[in-house]
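**Student:** Have a look at this one before I ask anything.
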Amino acid sequence: MKLEGVIAATVTPFTKDGVNYEGLRIILSRIVEAGYHGVFPTSSTGEVTKLTPEERVKVMEVAKEVAGGKALVIAGTGTGDHLSTIDMVRRYKDVGVDVVLITPPYYIQYDWAAIYAFYKKVLDKTDVPVILYTIPLATGYNIPVEVFELVANEYSQVVGVKDSSGDFRYHLDLIYLLGRRLSVLQGLDMLFVPSLIMGAHGGILAGPNFLGKTTLEQYRLVKEGKTAEAVSLHNKLMPLWRFMGGCGLVGKLGGKWPTLYKLATQLVHGIDMGPPREPLPPVEDKDRKELEKILKELGLI
């Protein structure tokens, strides 16, 4: 399996009592109808670590139904130990997802040997296609490229790696060393176009929640060799990504993330995102006003 294109890491709307599954269905339907190559609801953007295992399964059941074979359905484990990870992979397999993204161990900063041992224990019990993942903003460490290389060489079910490090030198290493064997996928919207130009296969991104077909257009332009046009579109969106970064997305995970993505989705599409799931705080009024200003300047609202 070769993963290519734009996979939407979707936001999760809530009610005061739980997940707003009807709202989720609307979000997923818009993305599938727009022509995105895949959906990834139980993601960091989708607040996977704040969902119960039962909620994660139901979210993926909705995604599987909405996708209807028109888009890949990818599930994220959101777990930090091998036993819980194996359990979530089993549950997702029963749902019939296409690919599972393995959340790396978090809370403790692990060394190479511990990370490698974690992957071996999980993959020895896993036969579904798997994406490996690095997100040092959440785990406190970046997974060495060599660890991914070792794991990919040992386990044929590993089909890709998602990079949310924000470290472009590291990303280039992934493309150079693993790009012939695995699909290298960018995890930050701000770096999507530069990554594609340098040989990445696609991205797992939050922008599709509220950007319409813009992210797909970026992908198309690069693939057609229209690099200057892709860069121009990228630069047009930079005020948005710089604002998102300034509010905690890049550099550290601030308390305003991913609520800004949810607010943007609500402002653009009119879908009630409901309250953030605690302990995430609501977006402050000053940030809401700034986001509204940027979205208006982009012609999105």
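Using N, Cα and C of the backbone, Cβ positions are placed for all residues, glycine too.
Pasting the feature list from Swiss-Prot:
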ACT_SITE  Ser44  active site, charge relay system
ACT_SITE  Tyr107  active site, charge relay system
ACT_SITE  Tyr133  active site, proton donor
ACT_SITE  Lys162  active site, schiff-base intermediate with substrate
**Student:** Which of Ser44, Tyr107, Tyr133, Lys162 has the fewest nearby Cβ atoms, counting only those within 10 Å, among these active-site residues?
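**Tutor:** Result for the active-site residues Ser44, Tyr107, Tyr133, Lys162: minimum number of other Cβ atoms within 10 Å at Tyr107.
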**Student:** Taking the Cα atoms as reference points, how far is the residue listed as 'active site, proton donor' from the residue listed as 'active site, schiff-base intermediate with substrate' in Å?
**Tutor:** 5
